[in-house]
Amino acid sequence: MSGTELDGRTDPTDTGGIPATPRRRGEVRPGDPGAQAAPEPFVDPDPTAPGFIRIWDDEAPGQPGSVATATSWQTKFALGVAASDVLVLAVCAVLGALIGFGAGSGTTGTNPWALAVVSLVLVPMALGATRAWDPRVLGQGSEEWSRLMRGYVSAAILLALAGLVLERTGVRPWVFGILPIAGLLSMAGRYTLRRWLHQARKRGRGLLPVLAIGTEESVRDLIERTRRVAHIGWVVTGACTPTGLGEEGQGHVAGVPVIGDLDSLPASVRSGRFGVVAVAQTPGWSPKRLHRLAWDLEGTGSELVVDPGLMEVAGPRLHVAPVDGLPLLRLTEPRLSGVPRIGKLLFDRAASMALVLALAPVFLLIALFVKLDGGPVFYRQTRVGLRGRTFRMVKFRSMVPDADRLRAQVVAGGNDGSGPLFKLRRDPRVTRIGSMLRRYSLDELPQLFNVVGGSMSLVGPRPPLPGEVDAYSDAAKRKFLVRPGMTGLWQVSGRSDLSWEESVRLDLRYVENWSPAMDLVILWKTVSAVFRGDGAY
């Protein structure tokens, strides 16, 4: 590879195989008289320099971000996940055999050890078939859990069919007991590994170097997003813009060097220093150029991702719909009614009633402490819910009895929230017991009665005050298409630390992209967020 390709610059006559774009009237290009200086060439950072991010401990010196080292952590993590899955399955299978599950009596019984061996062969094969160990889905998102469950369900179905054909009823305890337990324990093991990976990424380990392609604005947005959510494992180390320059004609965007323009993409992507090539929104980006980019990436080990410009629409609403050979993204309506919503309502009612019964001693203990603090135990407040209807939301009282009367005085003293949302980190109206209740969201437990009554859901958008709704835009009012929730994306994404705009955006994302799997993930994350007590005041 030539030195021109390595340092990220290209000769004006060398377009890397892509026809040069025609010069527009008034356009000034590098090299023209009076043109701004070309950006400085990207130089590999010194591994000993302060702030240098090493991709993995065994990274070869002098090769930061090379293809081999950029993906080595993915291979190691995938092997660790596979080992965890097999170990959990082996322990469950051995225990099942020792206990004698499936032995039965007569000709319908089955040797438990034979069932253990079959399970140890069948489940890994099913997980491999569902690509449950694909490094690209491990450590983030819900697709990992979906593939894991599909693998276990497939293995259970095959085992059940084999038992039916061979007339062996001894497989039933394994189909309905051992395999489901192993699947749940595998999920717990993967969650532990995921938490470890996220912490490692926040410390600068296990990161994938990313080449961002797009306008200065879209590249900056991608850089800022990846910096805010470091646990996804992306770190933008280079950028390509239409002009080959950064913001205000500089050679960088948000501190990331611009290593070339769109015509120099072949040399940039073939340099081998990027694990991901991310195409952000770029005006004039043609399918022909995207095809050429995909071809240039073949054999480099880099992954190509494209931003379709539908940032808030994802998951169950997007489907590929080929029309006469043209791949189109079909956007379906959000699931606001029908069988899934009825199932959600029934689950909410049943789960909330069960939680009320199970947490009855906790309710009594908290009520006792609040009563001893003086004043009523419960606090009822008018909130806006489904279809804009108001309802009375109930909570354990965490403030002084005349808190509403003092609100205007407190608001005049300042507001830590943004927009119409009033929040105060050190609200003088909060009692001592109320401070502890708020930190761990225990004051919200009585909202389970609202869920039982049907005015709220376990998971949903935040229920606003009537005064806040006056400042809502038409888009923000779409949150009233569903029942408000005790928890939601806003709860697990920062709680009170979120800005007004961010909390509304998360609520709308939930409404637009709801699915039962999303509810389960949010409930799982809520437990962790509540125990940490982060962002609550």
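Quick reminder: no glycine exception, Cβ is built from N, Cα and C everywhere.
Annotation source TrEMBL lists region 'Disordered' at 1-67.
If you look up TrEMBL, you'll see 1-12 marked as compositional bias 'Basic and acidic residues'.
Per TrEMBL, transmembrane segment is recorded for 77-101 (among others).
Sequence annotations record features per position, and here TrEMBL assigns transmembrane segment to 113-130 (among others).
TrEMBL lists 151-168 (among others) with the feature transmembrane segment.
Residues 77, 80-81, 84-85, 87-89, 92-93, 96, 101-102, 115, 119, 123, 138-139, 144-145, 148-149, 152, 155-156, 159-160, 163, 524 of the same chain, all 6+ positions outside the transmembrane segment (174-193), place their C-beta atoms under 8 angstroms from a C-beta of that stretch. Per TrEMBL, the feature transmembrane segment maps to 174-193 (among others).
The feature domain 'Bacterial sugar transferase' is assigned by TrEMBL to 344-531.
Same-chain neighbours of the transmembrane segment (350-370): 377, 396-397, 433-434, 437, 442, 445-446, 448-449, 451-452, 458, counting only residues six or more beyond its ends whose CB sits under 8 Å from a CB of the stretch. Per TrEMBL, the feature transmembrane segment maps to 350-370 (among others).
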Notebook entry, point to check: What parts of the chain pack near the transmembrane segment (151-168), using Cβ distances under 8 Å and only residues at least 6 beyond its ends?
Noted result: 107-110, 118-119, 122-123, 125-130, 132, 174-176, 179-180, 182-183, 186
Next item on the list: Determine the mean pLDDT over the domain 'Bacterial sugar transferase' (344-531), rounding to the nearest whole number.
Entry: 85
